[in-house]
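Residues or ranges marked as transmembrane segment in TrEMBL: 30-47, 53-71, 83-105, 125-149, 161-179, 191-213, 220-243, 249-269. Sequence annotations record features per position, and here TrEMBL assigns domain 'NADH:quinone oxidoreductase/Mrp antiporter transmembrane' to 47-275.
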């Protein structure tokens, strides 16, 4: 489903770029970076190896850093640099987490890691890796309190790139990757469910309140995206919490499906807002 969203939004943004990018000279570089970003996102979604997931995440991230500052104006370069610094911190956390997981399980295959953790439990090293994953992917998803880069990146990036950032990038590199690690690798628990719920509520409330005082429409939509991502995380957290407690699997499925539905819904309507 996320692959379909990436393909549809990517195609729409590419078609929009044919006219929009006439004001720039280096169209070939722009198109190359754009396709590299899309390829990286697709790789993150398809990868079954946790290190390859990190590699594809970095491919998409590095391409997006360059695309945010593509105009080479002072404001654009400043926003791109801020995004790159925070994104690199997030990537470093994820890489350290991957190293800790490999050191504790001896494998990079997600299915094997999941079986190893289910058999032996989560030791302190894996618990620390889990915290690094949540922080690193939280930065990629622009969750509060890791959101500082997104409101600056949106006003500076070309409109098609803003559509990709809010539409699919923060979802593929952040939410999807985080959900994959929490649900498929470590296994969701009551504590992790509550962490997601708290992050979701913080993002929902902070994003909405911060959007109120914005006059720049792109910054306003950036804070709107932060708030809407909170709804997605809240749905996943509620579903995970109910699933971990084993109370009602039907309600757990409904909460998770609601979060995923809003993920796709937000990908479509927010990207269309940037492309109008």
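Even glycines carry a Cβ here, placed using N, Cα and C.
Curation plays no part in TrEMBL annotations; they are all automatic predictions.
Listed as Cβ neighbours of the transmembrane segment (30-47) (distance under 8 Å, sequence separation of 6 or more from its ends, same chain) are residues 2-3, 6, 10, 13-14, 17, 21, 24, 53, 55-61, 63-64, 66-67, 70, 158, 160-161, 164, 168-169, 172-173, 176-177. Two recorded stretches are said to be in contact when at least 3 C-beta pairs lie under 8 angstroms, sequence spacing 6 or more; the transmembrane segment (249-269) and the transmembrane segment (191-213) fall short of this definition. If one looks beyond the transmembrane segment (125-149) by at least 6 residues along the same chain, the residues whose Cβ comes under 8 Å of a Cβ in the stretch are 57, 61, 82-83, 86-87, 89-94, 96-98, 100-101, 103-104, 117, 170-171, 173-175, 177-178, 181-182, 186, 192, 195, 199, 202-203, 206-207, 225-226, 229-230, 233. For the transmembrane segment (220-243), the list of distant contacts is 141-144, 147, 150-151, 153-155, 162, 166, 170-171, 174-175, 179, 182-183, 188-190, 192-208, 210-211, 214, 249, 251-260, 262-263, 266, 270, 273-274: same-chain residues at least six beyond its ends, Cβ to Cβ under 8 Å.
With a threshold of 8 Å between CB atoms, the same-chain residues lying at least 6 positions outside the transmembrane segment (191-213) that come near it are 130, 134, 138, 143-145, 147, 151, 182, 220, 223-238, 240-244.
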